[in-house]
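Peer 1: First the structure, which I've put down as structure tokens, then a few questions once you've had a look.
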Amino acid sequence: MNTPSQAQVRRAIAEAQTIVVKVGSSSLTEPSGHLDPQRLNALVAAIARVRLMGGRVVLVSSGAIAAGFGTLGFDKRPTDVADQQACAAVGQGLLMAQYEAAFARYGLRVGQILITVSDTIAPQQYRNVRRTLDRLLDLGAVPIINENDSLASNEIRFGDNDRLSALIANIVVADALVLLTDVDALYTAPPSEPGSKRISYVPNVEDALAKVQVGGTGSNVGTGGMVTKMEAARVAAVSGIPAVLTCASNAGPAMMGDPVGTAFAPINDRGSSRRLWIGFASHPQGTLVADSGAAKAVRGGAASLLAAGVVEVKGDFAAGDAVWVDDEQGNHLAKGLVGFDSEEIPQMLGRNTAQLKRFLGEEYAHPLVHRDNLVLV
């Protein structure tokens with residue numbers, strides 16, 4: 001696709017019918033770590049304005065742990081996983097009570113959805129999330145989504161909801177993603193460093209990720225840094241969704257398409273949510289190693305992975321699981337949904353379709369990974 005201008009991207013955001021807004025913990029809390037009602041109410045006012053103008057808004061909100069740790073007697077955000085989960089269990093209710101009261105002042109209802117990584121990995125849960133969100137939006141509610149911090153572990157997380165927000169944007173077929181943080185824009189280096197310059201527009205976020213120096217950790221009340229926000233913008237851009245990154249106080253202007261923060265252009269036409277799920281949400285359970293010919297065909301982007309071109313199977317997986325497709329040097333080429341169990345595949349390796357049909361039966365005369373279920377990485 002042709003790269004749009006900054007004006008075109010801002011206009012697309014202003015005209016968006018469905019917007020996903022992500023807000024981090026540090027944008028909702030006081031320095032002490034407690035929820036800041038003024039910040040939360042200001043965000044709600046900005047969202048309510050869009051909603052009352054006929055737009056549809058999904059809010060992905062962090063803040064459960066930040067809302068709960070003070071109530072449970074902690075001076076700061078705990079680092080122990082069990083303590084964090086306890087704080088989230090208490091804080092999520094406090095957070096939603098604040099949101100419910102704030103939106104009610106505008107005559108708007110909210111619906112809470114708590115999600116873990118597994119809810120976007122398993123196809124059935126993924127479809128359930130999509131159906132629930134679509135229905136809430138159709139009924140005029142504002143869905144409020146958070147990672148289920150009381151169940152999630154540090155080993156498998158979205159990253160302060162940043163990646164989650166980009167996946168949700170694709171699930172609801174959003175027209176724009178707004179990432180709210182505690183800095184007003186993306187900079188060429190940490191804003192406190194001399195010579196750091198604000199970046200108002202990123203035509204290709206993948207190029208920017210390689211060039212822009214970003215901090216790797218978040219604030220003392222959040223878990224995400226600028227890296228996860230850039231990754232979220234990349235997921236959105238790859239799936240054809242424009243994005244803007246700015247501070248929470250700029251939420252209203254950002255959704256109106258005003259020149260605040262940093263705008264990110266989409267770098268692909270909108271893809272299917274299924275392919276985005278394969279590429280970004282699914283967690284590979286094993287690896288298929290392709291020979292040089294099969295690797296070349298996979299890189300071409302239009303070929304299925306056939307048993308004749310696979311030389312090794314790694315891992316334990318079932319049909320329908322996500323797997324890596326690697327070359328013989330160990331480089332990841334693609335992710336895909338495999339059509340056979342790992343125990344079935346060894347007997348298939350090196351055989352062409354006719355041989356598979358003859359020696360193993362008709363049910364084996366199919367690609368290991370069909371091209372429709374294969375996403376290059």
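A Cβ is built for glycine as well, from the same backbone N, Cα and C atoms used for every other residue.
Below, the features straight out of Swiss-Prot:
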- Lys22, Thr181, Asp182, Thr223, Gly224, Gly225, Met226, Val227, Thr228, Lys229: ATP binding site (BINDING)
- Ser62, Asp149, Asn161: substrate binding site (BINDING)
- 285-359: domain 'PUA' (DOMAIN)
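Distances, neighbours, how buried they are, the whole picture for these features please.
Peer 2: The secondary structure of Ser62 (substrate binding site), as reduced to three states from DSSP, is coil rather than helix or strand.
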Peer 1: When the Cα of Ser62 (substrate binding site) is compared with the Cα of each of the binding-site residues Lys22, Asp182, Met226, Thr228, which one is closest?
Peer 2: Lys22
Peer 1: What average pLDDT is reported by the model for the domain 'PUA' (285-359)?
Peer 2: 93
Peer 1: If you count CB neighbours within 10 Å, which one among the binding-site residues Asn161, Asp182, Met226, Thr228 has the smallest count?
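Peer 2: Each of the binding-site residues Asn161, Asp182, Met226, Thr228 was scored; lowest Cβ tally within 10 Å is Asp182.
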Peer 1: Tell me the Cβ contacts of Lys22 (ATP binding site) under 8 Å, same chain only and six or more apart in sequence, or just say none.
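Peer 2: Set apart from Lys22 (ATP binding site) by at least 6 residues yet with Cβ under 8 Å, we have Leu59, Val60, Ser61, Asn161, Asp162, Leu164, Ser165, Leu177, Val178, Leu179, Leu180, Ala232.
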Peer 1: Could you break down the residues of the domain 'PUA' (285-359) into DSSP helix, strand and coil, giving a count for each?
Peer 2: 22 helix, 23 strand, 30 coil
